[in-house]
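S.K.: Dropping the structure in here first, questions after.
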Amino acid sequence: MRRSVVQGLVQLVVLLWVANMIQLGLRYSWGIALPQASAQLELSGFEGGVIASSFYIGYVLTGIPSGILVDKLGTKRVAILALVGVGLLSFFIAASKGFPELLLAFLAAGVIAGPIFPSSLKTLSENLSPNNRATGVGVLETVSPSAMIAAATIFPLVVGEMGWRYVYTLLGTTALLVAVAYYAGVPNTHVEQTREKPSFREGFTNRRLLLAVSVRLGGMWGIIGISAWYYYIADKVFGSFEAQLLYLSLALAAVAGQVLGGLVSDKHGRGGVAALGMLAFGALLALASATRDLSVSLILAPSIGFTAFFWKSGLDTYILETVQPNQRGSAAGLMNTISQVGSLVAPSAVGYTIDITGLQSPIPFLTLAAGPLIASLIMLLTML
């Protein structure tokens with residue numbers, strides 16, 4: 001591959017990565033802002049979880065329509081409008097004064113952010129060969145654990161020095177700047193560039209696609225659950241410094257898991273790697289439910305982070321490869337819609353178990369472990 005081509009692909013991946021960092025930073029930031037925001041605004045654990053879940057409700061509502069828009073209108077136009085909308089809503093969150101406003105803002109942000117991820121996957125898949133597609137997807141999807149690293153490092157500093165509202169002012173400003181860079185540096189895609197028109201009905205009758213996106217729900221249940229509550233639980237059990245250390249180690253290991261998972265799945269197959277990774281993720285979450293010892297948690301945190309994202313590159317690439325190239329935006333939208341059903345329920349479910357059983361109970365972590373454990377068993381029985 002020529003050097004100019006490699007440089008172009010690197011630039012493309014970087015811009016797509018940064019665009020996704022905006023919407024992921026918005027959703028992951030709430031777990032860090034929650035202790036201070038809940039104290040200032042007198043939010044209950046259930047209300048805090050509902051606010052986190054509201055983003056995913058909006059995300060689910062627009063998951064399929066946003067994927068269809070990406071296929072019909074092209075990735076560039078839809079993604080830029082989404083970035084601008086997310087930026088403006090971040091400013092609204094920063095100015096919110098209570099539960100109703102935060103609920104509405106996060107719900108609207110989930111609706112507007114819907115097209116960003118499907119457009120990125122479609123753009124990337126059209127520019128990579130099958131032999132390195134999962135690796136490329138893995139590099140792009142390191143944005144998710146990287147957002148967790150930002151949540152464990154940058155966001156606590158901003159919250160501690162300036163207050164939780166400034167986190168969203170920073171996100172809003174960055175989103176608008178990234179929209180400009182996206183316009184200048186990301187190529188467009190359009191369904192009319194291909195000979196075939198996308199068949200929305202065909203996607204819904206594709207058994208392999210429906211099964212894959214369904215089991216992805218279980219893995220995302222665990223990922224979104226730990227992103228919303230792991231820092232909070234560690235903060236209350238061990239203290240703020242220990243919580244930041246644990247969350248950071250989890251997120252750093254997650255970056256490695258994401259990339260290595262893509263590399264391994266390119267060499268050894270998508271389904272088996274994804275199933276084993278998700279099984280390990282669920283097992284480690286179950287193990288975490290049995291301890292509140294800091295030394296054990298320092299070992300478990302990076303292990304949970306690594307396995308939480310190890311399965312994701314291979315399964316997401318598998319999903320993209322079950323459909324025709326001109327259907328990949330719709331497939332990614334369907335993938336987000338079905339898998340995010342677990343995501344919108346998980347934060348509220350864990351928050352409810354904390355309110356009922358307390359932080360010392362194993363129930364919150366077992367609630368998180370249920371999703372990936374069930375999904376991995378289904379994969380082992382049906383996809384191998």
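Here, residue 1 is simply the first one shown, and the rest follow in order.
Cβ coordinates are placed from backbone N, Cα and C, and glycine is handled just like the others.
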S.K.: Name the residue range among 31-50, 331-350 that TrEMBL annotates as transmembrane segment.
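M.R.: The range carrying the transmembrane segment annotation in TrEMBL is 331-350.
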S.K.: Given pairs 6 or more apart, does the transmembrane segment (294-311) have at least three Cβ pairs under 8 Å with the transmembrane segment (142-160)?
M.R.: yes
S.K.: What average pLDDT is reported by the model for the domain 'Major facilitator superfamily (MFS) profile' (9-384)?
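M.R.: Result for the domain 'Major facilitator superfamily (MFS) profile' (9-384): average pLDDT 85.
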